[in-house]
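As recorded in TrEMBL:
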type	residues	note
TRANSMEM	112-129	transmembrane segment
TRANSMEM	136-155	transmembrane segment
TRANSMEM	161-180	transmembrane segment
TRANSMEM	187-207	transmembrane segment
TRANSMEM	237-261	transmembrane segment
TRANSMEM	291-313	transmembrane segment
TRANSMEM	333-355	transmembrane segment
Amino acid sequence: MTYLNKLFRRLFIIILLAAIFSPATIYAMQETDAAIILEASALKGVSPTYQTVTLKVISGKYKGKVFTIENETVGNYAYDMVVKKGDKVSVFIQKQNGHLNVFIVDYYHQNYILYLMLFFVTLLIVIGRGKGIKSIITLAFTIFVIIKILLPAILLGYSSILVTILLSIAIIVFSMFIIAGINNKSFSAIIGTIGGVLLAGFIAYFIQNKIGLTGLSSDDVAQLIMNMPYKIDFRSLLFPGIVLGALGAVMDVSISIASAVDEVSRANQNLTIKELYTAGMNIGRDIMGTMVNTLILAYSGSAIALFFLFVAYQSSLNDVLNLNIVANEIVRSLAESSGLVASVPLTALISSILIKKDKSHIIK
């Protein structure tokens, strides 16, 4: 179930980033309303082109009002929106000098995202039953910690490293105790996870200071952060990003190894600590290979469009590696993978010692 927690955390982080760092410029940072397109003309004009759009606001303060506006396009296919009748969109309405200005921000995604989340939660409960419910509880706790404690603390100027370490430990301990119970197996997994994610974070922090990484994954994010009313050193965001990104995968590996060592010990009570450690390492190596691939492929998949451009423009390896956005992602993936690998022997060792010395699990 820790793997499901990892999926949940990735889903949450994607939704959070999409909401905060939408490429729809500054309008995405303001309160928006839903609207439906009643009429939409064909594109008119030449660079920039535009279409005349009649829309009806269906939520918020101006619900029920109908506006006719010009929806301008600038030839940038990544940002331009050409709407048609029946489309549901998100609009930003600004009152200026007694006149309402309406801007189309993006398509209205919220409903289907909520439907998908509801479907996933239902599927998790139906198939996972009690474990599925526990996963939802740990997810809710994680979201609360990130939104209500971690991000506000960083905005208030507290050390991102110290806050991230303390809150990550809280997330790890809570998740492990809920999923695996309070026992030596979960204690072993907790120690292994903490060691792995902290190593990942400090590797990234060290490399960041050596090669001057910004910690940001796109120019859009950098522009939005620089326009914020808060003074933030966005370089400090790399450490929390690495630790949170590694958390799910390292927890998955650690609890799997600790559980395996516990089962091996139950099956053969005469095994020594060294033999249990060897068994844990053998199992850990198998898990390690697939989980490292999971981390690398996750980052590769999210950057597939960028890789496509590199291939299309036949960029040299030297040019690619020296791009800030690429260097950031490489450091993230390698640092997290290093933390994951380091958690294998640490968890195997701790679980072998604690479980061997714990006589309460022995079946008499």
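Cβ coordinates come from backbone N, Cα and C, glycine included.
TrEMBL does not curate its annotations; it predicts them automatically.
Between the transmembrane segment (333-355) and the transmembrane segment (237-261) there are at least 3 Cβ pairs closer than 8 Å, counting only pairs 6 or more residues apart in sequence, which means the two stretches are in contact. With respect to Cβ pairs under 8 Å, the transmembrane segment (237-261) is most closely packed against 161-180, considering the stretches 112-129, 161-180, 291-313. Same-chain residues lying 6+ beyond the ends of the transmembrane segment (291-313) with a Cβ under 8 Å from its Cβ atoms: 10, 246, 249, 252-253, 320, 325-326, 329, 332-333, 336-337, 340-341.
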